[in-house]
Number of protein chains: 2
Amino acid sequence: MTTRTYNFSAGPATLPLSVLEKAQAELLSLPGVGASVLEISHRSPAFVEIAQAAEANLRELLSISDDYAVLFLQGGSRLQFSMVPMNLLGEHANSADYILTGSWGKNAAKEAAKEGDICIAWDGGSTNYDRLPADGDLDLNSDAGYVHFTSNETIQGVQFAAEPNTGSVPLVCDASSDFMHRPLDVSKYGMIYACAQKNAGPAGLTVVVMRKDLLELSSDDLPGYLNYKVHAENDSMWNTPPTFAIYMLKLVTDWLKDEIGGLEKMHELNKQKAALLYKVLDDNPDFYQGHAKPEVRSLMNVTFRLPDDELTAKFLAAAKEQRLTDLKGHRSVGGIRASIYNAMPMAGVEALRDFMVDFVGRH
Amino acid sequence: MTTRTYNFSAGPATLPLSVLEKAQAELLSLPGVGASVLEISHRSPAFVEIAQAAEANLRELLSISDDYAVLFLQGGSRLQFSMVPMNLLGEHANSADYILTGSWGKNAAKEAAKEGDICIAWDGGSTNYDRLPADGDLDLNSDAGYVHFTSNETIQGVQFAAEPNTGSVPLVCDASSDFMHRPLDVSKYGMIYACAQKNAGPAGLTVVVMRKDLLELSSDDLPGYLNYKVHAENDSMWNTPPTFAIYMLKLVTDWLKDEIGGLEKMHELNKQKAALLYKVLDDNPDFYQGHAKPEVRSLMNVTFRLPDDELTAKFLAAAKEQRLTDLKGHRSVGGIRASIYNAMPMAGVEALRDFMVDFVGRH
């Protein structure tokens, strides 16, 4: 068995070792079932129990009330970019407001514009998405169908510490890269969606948390798979759901509950981990140039540049030698990105911190 | 570790034990990588190599030429039911012909009717989908955008032994439940799609094989995730693909090549396995009443009824005691269904055959 590295990939991302060990132990046969979770029918009692446990864990961790449906879908955030306007716009409202704080918000708005009138409530593009709007900066329409924002932008490394205030207009959040990193007041949201491959499990599962009254807006003319109401009415089993990814979500949420102790504690740990790395940036501002303004720094993705491309390449190569991998910034922005989602252990962050301090000393 | 059963689930379905063992051995860390396949970036060299190997295996097993794209998508056949007409209908052709040979073909036509004019070229509903059309029975339109058929109907257990002849109109096949069960002349098809969870891997992956000239029909106005051309241009990485399911597809296709010896041999084995069970039906026609007409019996799903519901329940309970599980027919038709996809070993079919012979002797 190869020794495991500390993997700072932005997603798919590192998973808790205890979760992987449990999945490994059960991979040939679920206890008492006699078949792998990869092989059993999604309608079998064993799998239905797993899916229900995953949902119950989510409801417990995020205090999701019965006013909200929890859906397990496929297609990632990219499909949500289209499904959100296809379901939530219509006769009652044909426009939506989008807050653009980075690459993913822009992608979401681009897809939405194919489905309805999209108004840009704020766009951080002029400063290369290094900051976030205050509520007063937002140009919101009171008759919009919804307001969309991206709670954490993985590429730029900027993150909302609290939700924008959108009054009575439903707030829709792409929480793909910081879902379950802290407690949320779900009642402030009309809808939250998140692909799983950062904080919730492997790639191939998208979790949707949606206020039930909004389900009534979905038109029967929509393609079946793109209709939230269809999925809700069928307990996410209108088609075969991604069973293994749901099983992994169940294990990850078990870990959050039982090993971490809930989202308050997870948030505390995430703040501690991020602080270790941002301190290195603050201590060496000429060497490590953080992308995000300090007040909006992401707890999930720490983005920075080195003085030149040669040093960046040296940094990546030397880190890899110390088994610190996947630190290259997104191809669209370059530099360095350390993704430190829930499952990245403190020891991994400490190892990276030590490496960064050492590297700046040597150069 | 619980002893493994023989699991006759219609999907997700049994996987080769050697594939599960390999996945289990590597689950904490891919050799030489230091992270699980569940954790690594879809753009990492290690994963790109896996995805390319999966595609190369498919191309080798099915002799897929460079005139065809191979795509790895999400959303199952249900999403394909909508994507096919959304992409292939348009100004050049606004109608398509659908051949209905069972429940899944009906579902496909229902979704397609939301997107264009759908003509039913044949419908086996009047005899409860127990037979298939001959080419002469089909009411085809020469100006249709495509002709859609379902090569194997899992619920009714009827299967085409050869493709319907549609002349120059592109043939689109939902091969979800018999993909890779035999060699195919792919050049006869415009497009083949298959969800993975019967013959190709776990749930959460849909394989699309599409003639490249048809990709040009996709409108830029389509939602990005629903546009085949977008996926083809981005090597199925426009969004994060279902990485673990693609890894499993790679292992399953390795198994087909290296352990089975290719699709000719797989077909031979599938014919032998099915013959064992159909012989029991033929030997006991008053007790085991097969649903499909003998000449269109599926090699994948053997469907039959017992004389009454009480015996059916007894059959299921007694089978389970012998570790023969998931034999209940689909809730829409009842009775018994034994799904014996590629990965069901001969020993499992023999055990079921012996049980069936014994059961009829006792009742």
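Note that Cβ sites are derived from N, Cα and C of the backbone, with glycine treated the same way.
Under the heading L-glutamate binding site, TrEMBL lists B:ARG43. Under the heading pyridoxal 5'-phosphate binding site, TrEMBL lists B:TRP104, B:THR154, B:ASP174, B:GLN197, B:ASN239, B:THR240. Residues annotated as domain 'Aminotransferase class V' in TrEMBL: B:5-352. If you look up TrEMBL, you'll see B:LYS198 marked as N6-(pyridoxal phosphate)lysine.
The sparsest Cβ neighbourhood within 10 Å, among the listed binding-site residues (B:GLN197, B:THR240), is found at B:THR240. Annotation: B:THR240 are the binding-site residues among B:THR154, B:ASP174, B:THR240 whose CA atoms are within 10 angstroms of the CA of the residue listed as 'L-glutamate binding site'. Contacting chain A by the Cβ rule (under 8 Å between Cβ atoms), the recorded positions B:TRP104, B:LYS198, B:ASN239, B:THR240 reduce to B:ASN239, B:THR240. Note: B:TRP104 (pyridoxal 5'-phosphate binding site) has non-local neighbours B:SER77, B:THR150, B:GLU153, B:THR154, B:ILE155, B:ASP174, B:SER176, B:SER177, i.e. same-chain residues 6+ apart with C-beta under 8 A of its own C-beta. Spacing of B:LYS198 (N6-(pyridoxal phosphate)lysine) relative to B:THR240 (pyridoxal 5'-phosphate binding site) is 23 Å (Cα to Cα, whole number). When every Cα pair among B:TRP104, B:THR154, B:ASP174, B:GLN197, B:ASN239, B:THR240 is compared, the largest distance found for this pyridoxal 5'-phosphate site is 30 Å. Residues within less than 8 Å, Cβ to Cβ, of B:ASN239 (pyridoxal 5'-phosphate binding site) and separated from it by at least 6 positions along the same chain comprise B:TYR225. The local packing around B:LYS198 (N6-(pyridoxal phosphate)lysine), expressed as other Cβ atoms within 10 Å of its Cβ over all shown chains, amounts to 30.
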